[in-house]
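Participant: Dropping a structure here in C-alpha cells format, bear with me for questions.
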C-alpha cells in the first residue's frame with residue numbers, strides 16, 4: 001500500500017477538524033470524502049480496465065476517454081494540482097518541525113519565515129530523491145510506510161495509557177463519555193464552516209489517484225489500480241474514523257496547559273471545556289483568552305495522545321514526506337505525458353525524458369518552481385482548499401468520462417471491471433461540481449473558466465490525434481439519431497437548405513468550385529465534393545480507396561466544410577448519375593448540382609459534349625437544381641496538382657538515389673475522371689518534365705492559381721449581380737442572399753436585374769421591391785432591363801456564327817443527301833434548328849451584351865440558366881448558348897432551380 005493514502009492531515013489537522021466540526025459532522029466529512037473518492041474510483045476502474053493504461057494518470061484516463069479537448073485542459077490542471085500538493089505536504093512537514101523548534105525555544109526568524117525556509121530546503125532534498133529515479137522513490141516510500149504504520153498504532157495505544165498531569169493540563173484525558181458527548185456538536189470558530197473545514201480535510205483523500213498517476217510504472221495496472229485503490233479507500237477511511245473518534249473521546253476542545261488550573265471551591269467552572277470540570281480541571285479562561293492546547297488549538301495534539309510522542313513526530317514526517325514525494329513524482333509524469341501528446345505545442349519542450357526510465361527532469365524542475373512558490377505562502381489552511389478545488393475538478397471529469405463512455409454505447413467500451421454504474425458516475429460528477437462551488441464559488445468559477453479556455457484553445461487548434469474518444473461515439477449516435485428523426489418530418493419550404501453536390505473531381509483539382517459551394521452551404525446546408533473514376537472497377541478500386549481518406553483529410557486540414565465521395569464506373573455520365581441518385585443520407589441529400597463550365601467544348605469529342613449536357617438533363621430529371629460556374633481563367637487545377645506531385649515524387653526518388661537505396665516500383669494514378677498511368681521514366685527525364693514551363697504557360701498558371709483561391713479569400717468591396725430572367729422557385733434569389741450573409745462577402749452589395757417593358761419599368765421595379773420585402777430579402781438596388789428583346793449587334797452575331805460554324809450542317813440542294821448526312825451526324829446544328837430557335841439564340845447573345853454593359857465590374861454574377869429540351873436542341877447549340885452568354889465576364893454562375901419553391905411569404 002502507498003504511503004500517500006495517509007496524508008499530512010492524519011497527524012496535524014484531523015484533531016482540529018473534529019474539534020471544529022464535532023465528531024458528528026466530522027464523520028460526515030470523512031464519509032462524504034469517501035463517497036466522492038469511491039464513486040470516482042469505480043469510474044476510474046472501469047476506464048482503466050477498458051484498455052492498456054500508460055503513464056499519465058488522470059490525464060491519460062480522461063484524454064483517451066473524452067478526447068484531447070477535455071484531456072488537455074484537465075491534464076494541465078491536474079499536473080498543477082499535484083505540484084501545489086507538494087507544497088501542502090512540505091508546509092505540513094515544516095510546520096511540525098517549527099513546532100518542535102518552539103518547544104525547545106529555537107527560532108531562526110519567526111514562525112512563518114521558518115516554515116518557508118525549512119519547506120524550501122526540504123523540497124530541494126525531495127527533488128534529489130525524485131530525480132534519482134523510481135527505484136529510490138519506491139524504497140523511500142517503503143521505509144516511510146513502516147514508520148507511518150507504527151505511528152498510527154502508537155496513537156491507539158496512547159489512548160489506553162493513563163494520562164499524566166501534563167497531558168491533562170493540555171486537554172488530553174483517557175476515554176470519557178462526558179468528553180465524547182461534549183465533542184459531538186460542532187463548534188466552528190472564526191470564519192470556519194462545514195465546507196471550509198471539509199475543503200481542508202479533502203486533500204487527505206486525494207491519494208486515490210496515486211496508483212493511476214504512476215500507471216506507466218505498474219506491471220499490471222488494469223488489475224492493480226481497481227483493487228489497490230478501493231482497498232486503500234476502505235483502510236484509510238476506517239483509520240481516519242478510528243483515530244478521530246478515539247481522540248474525540250479523550251481530548252477536550254480547549255486547554256490552558258497549566259497544571260495548576262484545577263477546580264477550586266467557590267470558583268465557577270464553565271466555558272468551552274465543561275467536561276474537564278468534572279475531571280478536576282478548570283479551563284474557563286479559554287472562553288476569553290485564546291488557549292494553545294486542545295482539539296481546536298494544538299495541531300500537534302496527536303503527539304500528546306500517543307504512547308511515545310517522538311514516534312508521532314516521525315509518523316508526521318513520514319506522512320508528509322511520503323505524500324510530498326509521491327506528488328513530486330506524479331506531477332512531472334502527468335505533465336510529461338501531456339507534453340508528449342503535443343496538444344499544446346508550446347509545452348513540447350517538457351516532453352523529453354532522460355535515462356533508461358525516461359525521467360522527466362525538465363518537469364521536475366518546473367514542479368519544483370511551482371512548489372516553492374506555494375511553499376512561500378506558508379499556511380496549510382490556505383493551500384489545502386486550492387488543491388481541493390483542482391482535485392474535485394479532476395474527479396468530476398473522471399466520473400463524467402465514465403458516464404459519457406457508457407452513454408455513447410460504443411462497441412469499443414467493454415471494461416473488464418463491471419462494478420460501476422453510469423448514473424452513479426454522473427451523480428459523482430455532479431457531486432464534485434456542487435462541492436466545489438460550496439467550498440469556494442469564485443475559485444470553482446475560475447477553475448472552470450481556465451478549463452473552458454484550454455478546451456476552446458485545443459478545439460480551435462485541432463491537434464492531429466485520434467484516440468477513439470467517447471465524444472466521437474456520441475457524435476455518431478447523435479448524427480444517426482438526428483438523421484432518423486429528420487426522416488419522420490415532411491419537407492417544408494421554410495426549412496429548405498442548399499445541399500450541393502459539387503462535381504470537383506479530386507478536391508484539389510477545382511478548389512474555386514469547392515470554395516463557392518462551401519460559402520453557399522456553410523452553417524446552412526450540406527456540401528459534397530464528388531469524383532468519378534472512369535474505367536474497370538478492379539483497376540480503380542485501390543485508387544478510389546486511397547483517395548477517400550486523402551481527400552477528406554485535405555478538406556479537414558484546409559478547413560473546408562465538405563464531404564468527399566467518389567464512384568468508379570465504365571462511363572462518366574453513368575457515374576455522375578449514380579452520384580445524383582445515391583449521394584447523401586435520408587433528408588441530408590443533395591438538391592442542387594454544381595459543375596464547372598466546360599470551356600474546351602469546341603475541342604472535345606461529341607461523346608464528351610453529349611455527356612456534359614446529359615448530366616444537366618439527368619439532374620433536372622432527378623429534381624435537382626443546377627449551377628454552372630464559369631471563370632475566365634478556368635477552374636481545372638489538376639495539371640498543376642499533378643506537376644506538384646511529380647515534383648515531390650522526383651525529389652523523393654532523388655533522395656533515395658543519393659542515399660544509395662533502390663526505390664520500389666509502382667504505378668502512380670491520377671485523381672479525376674480517368675486513371676492516369678505515369679510512365680516509369682528515369683529520374684532525369686522526370687525532372688525535365690517537371691522543370692519550369694514556358695513564360696506564357698507560367699503566366700497562365702499563375703493567373704489560374706490566383707483565381708483558384710478567389711472565393712476562399714475575403715471579397716473586395718463590390719457587387720453580387722443577380723440577373724433573374726425566369727421564376728425557378730426562388731433559388732436564384734436565395735443563394736446570392738446567403739452569400740451576402742457570409743463574413744467574406746459582407747462588403748458585397750446585392751443588385752437585382754429583371755426583364756421588363758419600356759412603358760412600365762417603374763411599375764415592374766415596385767412589384768419586385770414588394771416581392772423581395774415579402775421574402776424578407778434586403779435589396780434596394782433593383783434594375784429593370786427594358787431593352788432585352790432588342791436584336792443583338794451584328795458583330796456579336798458574327799462571333800456566335802463563327803463559334804458554331806465547325807458544328808453546322810448546311811443545307812444543300814440535294815435533300816436526300818442532306819437526310820443521309822443528318823442521320824450520320826445527328827449531333828450537328830442544322831439550318832432548320834437555327835431558324836426554330838433564332839429568338840432564343842438572339843436572347844443569349846443580347847444578354848451577354850447587357851451583362852458586359854452593366855456587370856463587368858461585379859465580384860460575382862448570377863444568371864438564370866437557359867433550359868434546353870431533351871432531343872429538341874442539339875448539344876452543340878446548347879453549349880454555344882452557354883458559351884456566348886458567359887463570355888468575357890467576371891466569375892459567372894448560371895443557375896436554375898427545380899421549380900419547387902424555396903422561398904415563402906409566411907412566418
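Every residue, even glycine, has its Cβ placed from backbone N, Cα and C.
Okay, so TrEMBL annotates it like this:
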DOMAIN    5-501  domain 'Amino acid permease/ SLC12A'
TRANSMEM  21-53  transmembrane segment
TRANSMEM  73-94  transmembrane segment
TRANSMEM  115-134  transmembrane segment
TRANSMEM  140-161  transmembrane segment
TRANSMEM  194-216  transmembrane segment
TRANSMEM  228-252  transmembrane segment
TRANSMEM  364-384  transmembrane segment
TRANSMEM  390-408  transmembrane segment
TRANSMEM  420-443  transmembrane segment
DOMAIN    510-907  domain 'SLC12A transporter C-terminal'
Participant: What else in the chain is close to the transmembrane segment (364-384), if you only count residues 6 or more beyond its ends and a Cβ gap under 8 Å?
Facilitator: 8, 12-13, 79-80, 82-84, 86-88, 90-92, 94-95, 112-113, 115-116, 119-120, 123-124, 127, 130-131, 199-203, 328, 331-332, 335, 350
Participant: In the same chain, which residue numbers or ranges, 6 or more beyond the ends of the transmembrane segment (390-408), come under 8 angstroms Cβ to Cβ?
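Facilitator: Cβ under 8 Å, 6 or more out: 36-37, 39-40, 42-44, 46-47, 50, 58, 61-62, 65-66, 70, 74, 77-78, 80-81, 84, 202-203, 206, 209, 420, 422-423, 425-426, 428-429, 432-433, 435-436, 439, 444, 447-448, 451, 470-471, 473-474, 477.
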Participant: When you scan the chain for residues with a C-beta under 8 Å from the transmembrane segment (21-53), skipping those not six or more beyond its ends, what do you find?
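Facilitator: Those are 60-61, 64-65, 180, 183-188, 194, 197-198, 201-202, 204-205, 208-209, 212, 215, 221-222, 225-226, 229-230, 233, 237, 240-241, 244-245, 248, 392, 395, 398-399, 401-403, 405-406, 412-417, 419-421, 424-425, 427-428, 431-432, 435, in sequence order.
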Participant: Counting only residues 6+ away from its ends, which parts of the chain sit with a Cβ under 8 Å from the transmembrane segment (140-161)?
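Facilitator: Distant contacts of the transmembrane segment (140-161): 1-3, 6, 10-11, 129, 174-175, 239, 242-243, 246-247, 249-250, 302, 305-308, 311-312, 314-319, 321-322, 325-326.
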